[in-house]
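According to TrEMBL, the feature domain 'Mechanosensitive ion channel MscS' maps to 106-170. Residues or ranges marked as domain 'Mechanosensitive ion channel MscS C-terminal' in TrEMBL: 177-259. Annotated transmembrane segment per TrEMBL: 23-41, 61-81, 87-116, in sequence order.
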Amino acid sequence: METIINNIKINFQGALGDTINKVVFAIIVLVIGWIAIGWVLKILKKVLQHSKIDATLKPFIISLSSISLKVILIVSVINMAGEATSLVAVLGAASLAIGLAFQGALSNFAGGFLILTLRPFKVGDFVETLSHKGTVEAIHVFNTVLITIDNKVITIPNGQLSNASVINYTEKPTRRVDIAFGVGYDADIKLVAQVLESVISSHPLIHEDPAPFIKLAEHGDSALVFQTRSWCNTSDMWTVHYDLMTQVKLAFDENNISIPFPQMDVHFDKTQG
């Protein structure tokens with residue numbers, strides 16, 4: 001009986017020691033592997049920086065490589081850790097929890113894949129979506145990063161972004177600049193049209209084809225409203241807009257064309273008491 005007990009004790013101690021050794025070895029492999037993955041990703045980033053791959057794909061490739069390598073490492077470490085029942089139970093529960101937690105992550109991953117496949121925008125485009133406006137800085141596996149005009153960073157989950165409407169302001173090479181100018185009712189409308197045509201046609205960044213559009217569009221409450229439409233390169237749009245606002249005002253002043261402002265005339269009815 002004593003011999004049997006000693007054998008069981010020896011076997012138990014041997015199994016316990018073997019399990020501890022496997023776990024320690026697995027932890028060492030995990031640490032070394034994690035550091036190695038960091039080196040690999042740094043090398044990959046440098047290679048991609050000097051490659052001709054589309055800038056939109058580069059952040060996605062790096063993110064996907066990072067996740068894939070880390071998943072492979074973790075699975076390998078788990079296999080090295082041994083077959084202890086308690087370890088299997090813990091890993092099973094953890095896998096279930098991770099699976100539930102990553103439902104949103106899988107949706108975002110699928111959204112990122114759709115964005116890169118359908119390409120509603122690319123890195124460098126200026127877009128509006130989900131009440132946000134900004135330049136696309138990067139498209140990652142799970143999210144997309146926008147930089148606003150005032151240099152704020154906006155991170156949007158790809159799952160939401162792939163299901164939302166997106167306005168891409170820079171997809172096309174040309175844009176139309178629409179500006180309305182109001183003048184007083186006493187203005188010579190032919191002179192106003194001539195002045196507007198002169199200013200717009202002389203701007204070096206405005207295209208001749210399509211020809212600029214200049215028409216009296218509205219009889220407003222306090223002004224005659226002329227609608228102007230002119231075309232330019234997308235990158236020049238705001239330069240053209242601000243230039244026209246300034247140059248038209250100066251031209252109106254030179255030609256004594258008034259720009260009215262809302263006002264109210266009050267008339268008193270004087271009656272004899």
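In case you wondered, yes, glycine gets a Cβ from its N, Cα and C as well.
Counting same-chain residues at least six beyond the ends of the transmembrane segment (61-81), those with a Cβ under 8 angstroms from any Cβ of the stretch are 22-23, 25-27, 29-30, 33-34, 37, 40-41, 44-45, 48, 53, 87, 91, 140-142. In the domain 'Mechanosensitive ion channel MscS C-terminal' (177-259), the DSSP tally of helix, strand and coil residues is 34 helix, 25 strand, 24 coil.
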